[in-house]
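Q: Below is one structure. I have some questions about it.
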Ligand code: UT7
């Protein structure tokens, strides 16, 4: 019997309507369009507005669209891996509220917390259930309502983040399509540089933690940048080398969208030329777990069956990783 691989058989994305421009940000904090554009490549980002709406509400339209494209019902999903850093609630898992909202009555699920690397970690995890034959349809969701934890008084951090959701369906392939290899890493010595200090078991919420603004994402941008720029580029190069791939073999490089300068460094390190690098950071900013699935969604029509695609991510933790996959379908 031929080996079973986990192929992506459908992707979709969703971003909320409200557009937060650099211009509007410059009325909120001391910044300007020129600084944000030249330092990050971001022009605007989307924000989920509305009382009582959370991350799962971003994921619902993304996944309903995916199911429609694939022509299947939510009840056919076996497993949901919900990758997020902004869960609907600290517990229970957003995978549960999300499954309930879409009617995935036969699925079990759990949340994946690996910050901006979550979607790649989620794909690698989901692939195991397909490869072993345990499941036939595994849904990997990457979604974040970053606006719920961004401090709009911190000009160095608030300018990069936005809200969004994306998803990919994994199904078995016996023709060698899908996830071929991945290298995943984490290093807890990075915690001081990118975190949320309060609201966990070490420092539960108090009036003091709220006054100290410790329920917002904290980032030492320069330090994170230094780690991201080398780690993401190195791990992408490593997965290519391990699979004897040169830049010419790669159809598309899909990097996490945190900063255009980090993306450029990854492209340069792997030798992949600019027109093969998927970039939409100017429209959405850093949507954390959603960046890579949003890229897959927007580029889906350009991907061809058999394309060699490299995913690369870096995030809080620190976490980072890269994945080599063979695209499984043509859209036309
Ligand atoms: O998603 C995964 C994890 N996150 C990342 O990968 C993000 C990595 N970090 C970055 O992308 C960058 O560090 C930032 C975009 C967050 C910041 O850019 P930077 O070039 O590292 O700026 P900086 O924090 O070193 O600040 C440089 C200067 C400072 O002024 P002085 O001290 O040189 O006078 C800042 O106060 O720029 C100032 N500054 C700003 N000026 C205008 C910081 N933020 C702003 C701003 N507008 N929004």
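The first residue you see is number 1, and the count goes up from there.
Note: Cβ is positioned from N, Cα and C throughout, glycine not excepted.
Sequence annotations record features per position, and here TrEMBL assigns active site to 116, 256, 286. Summarising the annotation, TrEMBL assigns domain 'Beta-ketoacyl-[acyl-carrier-protein] synthase III N-terminal' to 110-188. Per TrEMBL, domain 'Beta-ketoacyl-[acyl-carrier-protein] synthase III C-terminal' is recorded for 240-327. Marked as region 'ACP-binding' by TrEMBL: 257-261.
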Q: Helix, strand or coil for residue 286 (active site)? Use DSSP.
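A: DSSP call for residue 286 (active site): strand.
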Q: May I ask which residues of the same chain, at least 6 positions away in sequence, place their Cβ under 8 angstroms from the Cβ of residue 116 (active site)?
A: 85, 256, 258, 286, 288, 289, 291, 313, 314, 315, 316, 319
Q: Give the number of CB atoms, excluding that of residue 286 (active site) itself, located within 10 Å of its CB.
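A: So the Cβ neighbour count for residue 286 (active site) comes to 24.
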Q: Which numbers of helix, strand and coil residues does DSSP report for the domain 'Beta-ketoacyl-[acyl-carrier-protein] synthase III N-terminal' (110-188)?
A: 25 helix, 32 strand, 22 coil
Q: Let me know the model's mean pLDDT on the region 'ACP-binding' (257-261).
A: 97
